[in-house]
Amino acid sequence: MSFFNDRTQMTVSNNVQNSVFVIMLTVMFWMFFSNGRNGCSLLYARRHTRGARLYVPVLNIVPNLIGAIICAYVAVQRAWPGFANCSTITALDAFEIALGTTSIVGILFIRVYYAWMRHRWLLFLGSTLIFANFIVGTVSFFAMPVHADENGTCIMVTEAYWPLTKFITDIITNLTLSGLYLYVLSRAFHAGFSTTLYAELRHEGFIATFLVIVSSTATAVIVLLDLVPGNAPYIYGVDTLINATLISRMLCRRHNSGSYTRTTLKLQTMGNTSG
């Protein structure tokens, strides 16, 4: 006779799994909250500005605000299974992927658009990429059907086509917008404008681009191979957190160093000469 029967083992396993997810969601909540707090400080500092200097910090807050709300809500559901409605969680996840990702893409687009002196072709390209990311995020509501298991835990099954579509969209978006931005930085660097600053910006840009590609690739592999069955939204949540944190750190660090204004002006000059 075994010390534990199968039902007891399953209960213990579920309790351990829920505890792990609660801890992970708590950490994610704190990171989203910290990013959002820094974003609010940046927004407050630019409260009297207009245009891109105001839009960027607003967009920076969006994924972090939504992410913090979702993490808190799902953490409670994991701690007390049955507390939250699974359909609500699905809608919130789709909301985060659609608006959160689109906001991040919007920041990348604004950065490139003004660096290239607002070329019309770039407006069309950026609008297309933003729209594509929004549509892919919205479709996630239908691509990740959800049901509650016998313990009241929400389990989501991902349709095979959607992770691949999102991966392709993410890679194309990041390589296009980051590539164009890094091109302007390289021109500024080789032109001799504030060499140390642009060397730092280019290095920072390459690292951020690399990390985003690694994150997108790892997310796609984990979801497509179903390495964490029924928990794909958590994986996409981590991916969104990585992207949001990278953007937030770059914006807030540049703001704190006081070099944002002169950097933007010089990039616009280089963008104008490159057109």
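Each residue, glycine too, has its Cβ placed from N, Cα and C.
The annotation transmembrane segment is assigned in TrEMBL to 16-33, 54-75, 95-114, 121-144, 164-185, 206-228.
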**Q.** Distant-in-sequence neighbours of the transmembrane segment (54-75), which means Cβ under 8 A and at least six residues beyond its ends
**A.** 21-22, 25-26, 28-29, 32-33, 35-36, 39-40, 42-43, 46-47, 84, 88-89, 92-93, 95-96, 99-101, 103-104, 106-107, 110-111, 237, 240-241, 243-244, 247-248, 251
Q. Which residues, given as numbers and ranges, are at least 6 beyond the ends of the transmembrane segment (206-228) yet have a Cβ under 8 Å from it?
A. 158, 160, 163-164, 166-167, 170-171, 174-175, 178-179, 182, 234-236, 238-239, 242-243, 246, 250
